[in-house]
Structures are given as C-alpha cells and as structure tokens.
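These notes are about the structure you will find just below.
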2 protein chains.
Amino acid sequence: MLENKNQSRTSLSELGEFGLIDHLTEHFKITKETTIKGVGDDAAILKFPDEQVVVTTDLLIEGVHFDLSYMPLKHLGYKAVMVNLSDVYAMNANASQITVSIAVSNRFPLEALEDLYAGIQAACVNYKVDLVGGDTTSSQVGLVISVTAIGHCVADDIVKRSGAQVNDLLVVTGDVGAAYMGLQVLEREKEVFKVNPKNQPDLEQYSYIVERQLKPEARKDIKPLLKELGVKATAMIDVSDGLSSEILHLCKQSNVGCNLYEDKIPLDPQVISVCEEFKLDSTTIALSGGEDYELLFTIAQADFPKIKANPNFSIIGHMTEEKEGMHLITRGNTKIPLIARGWNAMSDNE
Amino acid sequence: MLENKNQSRTSLSELGEFGLIDHLTEHFKITKETTIKGVGDDAAILKFPDEQVVVTTDLLIEGVHFDLSYMPLKHLGYKAVMVNLSDVYAMNANASQITVSIAVSNRFPLEALEDLYAGIQAACVNYKVDLVGGDTTSSQVGLVISVTAIGHCVADDIVKRSGAQVNDLLVVTGDVGAAYMGLQVLEREKEVFKVNPKNQPDLEQYSYIVERQLKPEARKDIKPLLKELGVKATAMIDVSDGLSSEILHLCKQSNVGCNLYEDKIPLDPQVISVCEEFKLDSTTIALSGGEDYELLFTIAQADFPKIKANPNFSIIGHMTEEKEGMHLITRGNTKIPLIARGWNAMSDNE
C-alpha cells in the first residue's frame, strides 16, 4: 500500500551505533537560544532563565501504536514528535527541545531510518524545536520509538489539569473523532489489500480523516491565540485517548463534575459520513476515538464573549459540583453517565 | 536461577493504563526543590533558577541489553536508572529528575512490574532523584525500558567531552572490566542451568563482578570529591561502552591524541583471576568490556599532586597532539593503535 518502494538498502551494521547517530542527526540544526549543547556529549545542555521547564515522554511500539503496512515511516517520525509536543502545549508551555531514542531490528535498512528521521526533522522545523539527544540501538523484533519533549514557560502561564472551577465552560479546539475514523479506513483498505494486492486504494474521499491519523498536527497555535484573546485557561489537557477519558481526567484532578452536550461536540462532515458508512455512532467515536491531539480546556464564564465566535473553539459543556458527577446530555435531552472508553494500551485485546 | 519465585500474579489489564501508573508510582515521593510537579499531568514541571539543565536518555531492550533469566527485575530497574544518572554525572552535573517509560507484554504480571519499580525507587532514594513522569504501554513481545534523566549545574561547572588539552592527564575512577566478566559468569551459569535445572549456581567467588554487572552504581561521589580536592576536570565521559571506545570519543571531540599505559589500567583481582579462568586477556576486557559506569576524565598536569594518592582515581595515560594518534603502551613497551572494540548494540551478531 503506502510502503516505501525505495529498493536501496544499506545495512545498519555497516555504520555502527555512533556512525548511525551522526548520519541521522547531521542535518538537524540547533535553533533555540535555550539549547546550549545538543547531540554529541553524555547529555544535552539547556538553559531556561527565569522560566519553569516542562518534560513529557511517550513510547511508541510497532504493532501496538502503529502499523507500518499503512503508516509511512516519515509520517511516523512526524507523529511521534507531535504526540509529545501536544503534551507540552497542553501545559500552555512553549516546546523547545526533543530527544529521540529508537530500537530497530535488522530488517530495517538505513534508508528506512532516514525516512523516519526526515519526518522527525520536518516536525522540528515546523514546530521550531531542537533535537538534542537520544539513543539508537537494536531490537529483536519491530521498531520502538521513545520521544521526550522539553518545554518552558513563565510560571504564571502554566495551566495544569487541576484548575477547573465549578461553572467554568469546557472548550475543545478543532474537531474530534477524525483520526480514529481515518484508522478504520486504513485498516479496511489493509484487509482489501491482503485479498487483492493489485487493488489500488482510492483514499481521496477520506483525505481529511486519513491525514488526521497519519499526520496529526499539535496545537502550537492555541497558546498565542488565547493570549491574544486575553483568555487564561483554568485547566487544560490534550485529547489523545478520546474526549471522555480526558474530561474524566480534568474532573478528577480538579475535583469537579461536568455536563457535556452531545450536540455541541465538533465533528467534521467527513467523520459523520464515514461513521454512517461504517455504521458507527459518531458521538461514541468522538468520545472514545482518541489521537485527535486537540486541546481540551476550561475557562471562566466571564471569558465566554472572548471566544464564542472563534472558529478554533467549541464550547461543549460546563463544569459542575463534584457530587453531581460527569454526564453526557444527549440530543434527546437524556442525561447519561460519562465513562472512559478511550483506547487503552494496556488491555489484553488491543 | 535468580528469577522471582513469587507465584502471585495479577493481570495488568485489570488495572488499565492509568490505574497501573498510579499503582506503580504511588510510593515515589517528590524530594527535590527543582520539582514543581511530578507524575500526573500532561508534563512534569521543573524549575532551575540560574543553572543549566542537562538531559540524557537511554533505551533498554530485552534480549539486547538484558536477559531476564539472570537479571532480577528489581536490579534491572535500578540499573536502568544508573545508566542514565551516569551520563548526568559525566557532565559534572547534579541529577535531579527521571522519567521512566515501559512497554510490557502480557506475560508480565503486575508483581513483576512492582519488582521493576521497587528497583527504580531504590535508585531514586539512594541517588536523591525524583521520578516525574513516563509512559506505560503494552508490547507484543518483551520488555522495553526508556529512561530520561535530567540534571542541573551552574554553567562554569559543566564538563564536556571536548575540553581535553595536549599534556593533560587521563584519569579513570574505580576499576574496569568487572561488569563484563560478571556477564560472562552469568552467561556460563545460564548454560549450565539449561542442561541441569536442579544445579544451584555458587556465585560467591564471583560476587564482586556479578554485582558490578547486576547492580552497578553511578559515580555521584566524584563531583563533590573533585570539588573538595580543588580539581577541575577538563573533559569527562562515562565508561559505558568500554575504555577504548570512550577514550576515542574524548580524543575525537577534543582534537587530541592519547597514550594509554596498559600497566596503569585498574583491575580488580577478581577480574584478573576470572579472566585467567576464562582464558581471556584482562587488558582486552578492560578496553572493550563496557558497562563499568565509571568516569573517565582529563586534568591539567598541575592538578596531579591533588589526586595522585587518592584510591578513587587511577592515572592511566596522557593526552598528546592530535596527529600522534591514540595508542596503548603495553607492559612490554610496545605502542599499538587503540581501536574501539566496545560492545556495539547495532552490530548484526549481538
């Protein structure tokens, strides 16, 4: 399907570990004032005067988090960085550096890793972050990618998950559910390809949702946008595991409840039509799909006029007393408890 | 052999990802002033006023970096932290925080991860570092551990690999080669165990080298010791891949050459006797063995009197003009080129 057709293959063992690191990172430039020393010593050296530092890390495992039969390696590199930057932006911080460690089996030639690092580099350029370190090793099977992202922020600007107040409005950026439906389309095409390898998939009508799955973008724009609007979020989290799971995190850590309104959840028209095609309920997909990498945050009601007409934001609910619990108010005005059905990387059957 | 005999097994899927993180990290206490917020938000928040921050990361893969048939999970957790702290100390910085990400297959019960985290916690307590984040996910096969360590230091104290000068003395802490010989003993006992599972290995005569392999300690003590002695290292690296590989790194990054004296290389008597038993050359083991986690550094000749009688240090050589190259001066006074034969995680046959 979308696999790299490049037939050139250079064995990793020809380069050795240090040669490989040099080769893969030679085109990465240091651009941040906060990076004193990047790749090439025992540790990177950073300097953040008068600011707080944020650190986040994610581990991506082949066969669990990605399937190389439809995920091009360049996109995978890009996405691995996005997953982490999204967590930095969810603190309302500025992302500045990343480290990337990979473990690969011998089935990967050098050219495959070059594709992976081309995606990592594109992410570094687009999001203005420096690659400052990492580790490159072998695995017995499969590809493992571990990314750590470092950001910084003046202390007063940081937004935690724990600051939501009763009566605050619940806001989400962009739209949700698309990445999950993109995955469903890709999985279906993979099955078709298995039966008939000559069949070329036509993904054009699914272009938005497939791109949301294969090349997500982290919401770097939201911090400056909120600042411009004069809005300070009271609590924030990124939507990686599905809207319901993230709402439950915010409520739990802020000791509040929540009413979420089904008719306010932002869905792209393509998500609605593909959900119909797959006979899936679009609200369930929005609540449980995951991998949207949008930001979910709360604001004081007084800030409502500042964001109400902004196309980047949807007000999808409000926070309540903790004892009232967390509920979805359906289109039919039925109140049903909100439960986390987000994608669970630890469950036996996934 | 050394496997956990605890037969209690709790499936990871019973807890779910978030429950598992909560369970494994609940006994970790935040102790550093630089840790503003640890586990439990999108990112950890750190604060380092007037200091530079150092960041290092390592990825450990089952079957490549460790063998659970003789590596107890508690020791593995401890060692995974040491590997990273050693890199922080090699910058002459203070280690302050770590993140730990793990991927595990369903063959690991909760009790196994509790053992792993008990080792991580012991390392955090002994070395006074805070666990501030991570990721917990499933793998299709095997255990993957990714650790990132964060440290800090006033700018003037940081020691890079690149500062060695011609005529500087080359110094190593402790002794080298023991961890590699410990691994040889454990591998041999594993083969014996395969043939006769009732055979209980007697490792007492190998206790030092086996401990160096299974429970290495990072040299946190060197920074304050050098400070007390009034010595400022000009360049520093940790010995993880073998002495020769590390010397070549120092020389390459400092643009100098080196003469290393075979008779000065510090070897524990147990290493010498076990090398004889295994019919291996102890100098080769010291040069290429790896996993010693000692510190290798250079000092100005003027500092020689300050460290010459100190049992923590061995002066093993001196730096030369770059064009003179890097050589081992043997006991027989033969000069042979130094080549990196360190353990290479990228090679096909390891």
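Just so you know, glycine gets a Cβ as well, placed from its N, Cα and C.
Here's what TrEMBL has on this protein:
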- B:40-152: domain 'PurM-like N-terminal' (DOMAIN)
- B:Asp42, B:Asp87, B:Asp238: Mg(2+) 3 binding site (BINDING)
- B:Asp42, B:Thr56, B:Asp87: Mg(2+) 4 binding site (BINDING)
- B:Thr57, B:Asp58, B:Asp135: Mg(2+) 1 binding site (BINDING)
- B:Asp58, B:Asp87: Mg(2+) 2 binding site (BINDING)
- B:His65, B:Glu291, B:Trp343: substrate binding site (BINDING)
- B:Tyr117, B:Gly134, B:Asp135, B:Arg161, B:Ser240: ATP binding site (BINDING)
- B:166-323: domain 'PurM-like C-terminal' (DOMAIN)
- B:Asp241: Mg(2+) 5 binding site (BINDING)
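Here the features listed in TrEMBL are placed on the structure.
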residue: B:Asp42; record: Mg(2+) 3 binding site; DSSP (3 states): coil
residue: B:Thr56; record: Mg(2+) 4 binding site; DSSP (3 states): strand
residue: B:Asp87; record: Mg(2+) 3 binding site; DSSP (3 states): helix
residue: B:Gly134; record: ATP binding site; DSSP (3 states): strand
residue: B:Arg161; record: ATP binding site; DSSP (3 states): coil
residue: B:Asp238; record: Mg(2+) 3 binding site; DSSP (3 states): strand
residue: B:Glu291; record: substrate binding site; DSSP (3 states): coil
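Shown in sequence order, B:Ile21, B:Val39, B:Thr99, B:Val100, B:Ser101, B:Ile102 are the residues of the chain, 6+ apart in sequence, with a C-beta less than 8 angstroms from the C-beta of B:Gly134 (ATP binding site). Note on the domain 'PurM-like C-terminal' (B:166-323): mean pLDDT across this stretch is 95. Using a 10 angstroms CA-CA radius around B:Glu291 (substrate binding site), the binding-site residues that qualify from B:Thr57, B:Tyr117, B:Ser240, B:Asp241 are B:Ser240, B:Asp241. Of all the binding-site residues listed here (B:Thr56, B:Thr57, B:Ser240), it is B:Ser240 whose C-beta has the fewest other C-beta atoms within 10 angstroms. Of the residues the record lists as binding ATP, namely B:Tyr117, B:Gly134, B:Asp135, B:Arg161, B:Ser240, the two whose Cα atoms sit farthest apart are 32 Å from each other. In the set B:His65, B:Tyr117, B:Asp135, B:Arg161, B:Asp241, none of the binding-site residues has a C-alpha within 10 Å of the C-alpha of B:Asp87 (Mg(2+) 3 binding site). The two recorded residues B:Asp42 (Mg(2+) 3 binding site) and B:Thr56 (Mg(2+) 4 binding site) have their Cα atoms spaced 20 Å from each other. Using a cut-off of under 8 A between C-beta atoms, the binding-site residues B:Asp87, B:Tyr117, B:Arg161, B:Asp238, B:Ser240 that neighbour chain A are B:Asp87, B:Arg161, B:Asp238.
Cα to Cα, the residue listed as 'Mg(2+) 5 binding site' and B:Thr56 (Mg(2+) 4 binding site) are separated by 16 Å. Annotation note: B:Tyr117 (ATP binding site) sits in a helical segment as assigned by DSSP.
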